[in-house]
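Structure record follows, encoded as C-alpha cells.
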Amino acid sequence: MATERTLSIIKPDATRRNLTGRINAKFEEAGLRIVAQKRIRLTKDQAEAFYGVHKERPFFAGLVSFMTSGPVVVQVLEGDDAVARNRAIMGATDPRKAEAGTIRAEFAEDIEANSVHGSDAADTAAQEIAFFFAGVEIVG
C-alpha cells in the first residue's frame, strides 16, 4: 500500500455540534494520522474558489453559503491509501445511503450538512491540501 495524504474538512454542521474530537477519533481508529489541522472560517471568496469545480451546478450558491456559515476544521490526513480509506470512513455523500458506522451515517444532518468533505483522488488531494496549507504546516 502507498502512503498518501488527503484533505479533510469538518464542516460547519459538525463544528457547531462539537463533533471534531469524535470525527478525529474515527480517522485515527482507521489508521490515519492527522499531520496538519486548523480551525478557520471560510470567506465567500475562499469557498467559491475551493468549490469552483461546481460553479455551474444548481447547488453551488447553497454550498458556498453553508460552508461560510460557521467555522470548519481543515486537516491533512496521512496513511496507507489515505484517499480511499478516508472516503470509506466518511460514507456516502447522502447520509441516508451511508453505511452504519461511517461519519455521515452517524453525524450528518442531511445531504448538504453531511459533516465532512474529503478529497476524491490523489491528484485533487494535492491541490486541495495546497489550497489550505503551506508545506511547513504539515508535520508528518
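Just so it is clear, glycine is given a Cβ too, placed from its N, Cα and C backbone atoms.
Copied over from Swiss-Prot:
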{"type": "ACT_SITE", "residues": "His117", "note": "active site, pros-phosphohistidine intermediate"}
{"type": "BINDING", "residues": "Lys11, Phe59, Arg87, Thr93, Arg104, Asn114", "note": "ATP binding site"}
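Shown here: features listed in Swiss-Prot, placed on the structure.
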| residue | record | DSSP (3 states) |
| --- | --- | --- |
| Lys11 | ATP binding site | coil |
| Phe59 | ATP binding site | coil |
| Arg87 | ATP binding site | helix |
| Thr93 | ATP binding site | coil |
| Arg104 | ATP binding site | helix |
| Asn114 | ATP binding site | coil |
Rounded to a whole number of Å, the separation of the Cα atoms of Lys11 (ATP binding site) and His117 (active site, pros-phosphohistidine intermediate) comes to 7
Note: in the chain of Phe59 (ATP binding site), residues six or more apart in sequence with C-beta under 8 angstroms of its C-beta are Glu112
For the recorded positions Lys11, Arg87, Arg104, His117, the largest set of other C-beta atoms within 10 Å encircles the C-beta of Lys11
For Asn114 (ATP binding site), the same-chain residues 6+ apart in sequence with C-beta under 8 angstroms from its C-beta are Lys11, Asp13, Thr93, Asp94, Pro95, Arg104, Ala108
Whole-Å Cα distance, His117 (active site, pros-phosphohistidine intermediate) to Arg87 (ATP binding site), is 9
